[in-house]
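According to TrEMBL, the protein has these features:
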- 1-89: region 'Disordered' (REGION)
- 16-81: domain 'STPR' (DOMAIN)
- 25-35: compositional bias 'Basic and acidic residues' (COMPBIAS)
- 44-57: compositional bias 'Basic and acidic residues' (COMPBIAS)
- 58-67: compositional bias 'Polar residues' (COMPBIAS)
- 68-89: compositional bias 'Basic and acidic residues' (COMPBIAS)
- 120-150: region 'Disordered' (REGION)
- 128-143: compositional bias 'Basic and acidic residues' (COMPBIAS)
Amino acid sequence: MPKRKRGITGDAASRREAIRKRERRVVETEEERSRRLSTMAQRGQDRRAEETEEQRNSRLSNMAQSGQEKRAEETEEQRKENTFWGEQKEELQGMLPVDGRQLENVKGELLKLKKKEAADCPTMAQRGQDRRAEETEEQRNSRLVDYGTT
């Protein structure tokens, strides 16, 4: 049997850091909370604004694929267990030091961003198709060379 490590291991350190963050959130004012959520949303928007159309399509495709794979691999027993833990989480929500409204607000912000992103995808895909339909053979070849495929 391996010896038990003394001191703070990586897991313990990250647990303590998570606890500190939760404690800070409990005492934060509405203004601080609003600023924090706004900053989080802005960072996500900035990240998405910098990605190219191909990167976005690839990211969304990967997300959809991994979700399908996860659902395909999930057994009936796992589905029941996940439902059980979801219900337990709701029950425990009131006991946690984190304000339930904070969690709901973060979820709401993320949902808004996901909906906006999903709404933008068909428009962006159509623009790409239109652009490719209008390009000359020379432009197409140049574009393919730029992507490293010939």
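The chain as shown is numbered from 1 upward.
Cβ from N, Cα, C; glycine included.
TrEMBL labels come from automatic prediction, so no person has curated them.
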Practice problem: Determine the mean pLDDT over the domain 'STPR' (16-81), rounding to the nearest whole number. | Solution: 84
Quiz item: Of the residues in the compositional bias 'Basic and acidic residues' (25-35), how many are helix, strand and coil by DSSP?
Solution: 9 helix, 0 strand, 2 coil
